[in-house]
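Listed in TrEMBL for this protein:
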DOMAIN    1-362  domain 'Major facilitator superfamily (MFS) profile'
TRANSMEM  6-23  transmembrane segment
TRANSMEM  35-58  transmembrane segment
TRANSMEM  64-87  transmembrane segment
TRANSMEM  99-120  transmembrane segment
TRANSMEM  132-151  transmembrane segment
TRANSMEM  172-193  transmembrane segment
TRANSMEM  205-226  transmembrane segment
TRANSMEM  233-253  transmembrane segment
TRANSMEM  265-286  transmembrane segment
TRANSMEM  298-318  transmembrane segment
TRANSMEM  338-358  transmembrane segment
Amino acid sequence: MSVARAIQGAGAGFTIPSALALLTTTYPLGPERTFALSMFGGAACIGQTIGVLLGGVFDATIGWYWIFFVTAIISASLSVAGFFIISKVNDNPASADRRIDFFGVFLFMLGVVAVVFYLSESNTAGWGSAETLAPFIIGLASLATFVWWELRVEYPIMPFRIWKSRRFTSSVVVIICVTATYNTMIFYTSLTFQNVLHYTPINTALTYIVHGVGLVIGLYTVTRLFKYIRTKFIMGIGWVFIIASSIIFAQIVPTSTYWQLAFPAFIINCLGLSPTWMCCQVNAVADAKDEDQGVVGAIFNVAMQLGGPLGLAISTIMSQSKTPTGAEGEALMGGYSAAFYTYGVIGGVGLILALILASNQDPAEFSSEVLKKSEDLAVDVEAIGSSEIVEIKGQATSSLYSSSSNAPTVTEDEKN
């Protein structure tokens, strides 16, 4: 099982950063890229919702293991389709140094896998068990060696210049808290629905439809706010909603109905998760050069993967401390409530980190003033006769670039 999960993670490591890099190098920083990233996030939400629904349907009919067969079929189909659909316009091997830091890749992969294994398995094997502690120590040593190696190799897999961006650094840190709360919520709501409220697997799957749809709508809506409100403020409001949803989930009792507490909690969670997730994703890639987009996406994806097991590890410790030995059914709710409160506390940590680390200024391309000038210039060009459009376009473009260069920017000192 662990080997299969590792291979699955490797697949995600190849596909997600590559897809993110394709988007960010195709669309320039601004409204187009923001919209593309919102669609990217929306597709992930749709996939997650469909996966949960299929899992419930398969478990109630032909068997839960069929979800793996279906995943394999879909993955194979997309792999073949990718050769014909994905554009090769940027595939120019002669444009850059194509050497690969295989040793750095090995060190980083070993370190991350070992740390995630420790966080995932220590709940059952024990935090001080040799079975989990030994891999954890190896993982830390591997990551330390990776840092040492990357500082010396001529073609690092992770150039440390990317960490000079305050937007990227804060996004990586905050997204760990975001996925920690998200995975904890999904895991413990499913346990609550089945073990306490006694829902069937398919009914449990159906409860998440509102959350998946809400995230898609929320991600699209948030992108409309960027030109009016700073992303740091949007993230702060989002964290407040996430914390509020944890408190509502913790109030569930065996006599509660889905519509009384779980449904409004899912809605409120969507109002928080959409803006925090989207702000992190947009800011993570905002300052990166085209040649760094792939590695930035990869590190951001690793941070998302680390948040899940970290959140579950912490919440499980708190849940077990409040669960009586041998408890079943309704008696489990005390531990589940503790887990919900725990993800609320993690949300509080995320809020504090966002307020401290996030940049106080967004890129000029997010500015409503720059966007308005762009729209006004487009109107002016349209109003001129067709014989003068080419000349005016050149003047408009020059004027827009000039206004963008005069927009407030963040100096390196402010970033640090």
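Placed from the backbone N, Cα and C atoms, the Cβ positions cover glycine too.
No curator has checked TrEMBL annotations; they are predicted automatically.
Touching of the transmembrane segment (338-358) and the transmembrane segment (172-193) is concluded from the presence of at least three CB pairs under 8 A, sequence neighbours closer than 6 excluded. Counted over residue pairs separated by six or more positions, the transmembrane segment (64-87) shares fewer than 3 Cβ pairs under 8 angstroms with the transmembrane segment (99-120), which leaves the two as not touching. Among the recorded stretches 35-58, 99-120, 172-193, 298-318, the one sharing the largest number of Cβ pairs closer than 8 Å with the transmembrane segment (205-226) is 35-58.
The listed stretches are 35-58, 99-120, 172-193, 265-286; of these, 265-286 has the most Cβ pairs under 8 Å to the transmembrane segment (233-253).
Across the domain 'Major facilitator superfamily (MFS) profile' (1-362), the model assigns an average pLDDT of 83.
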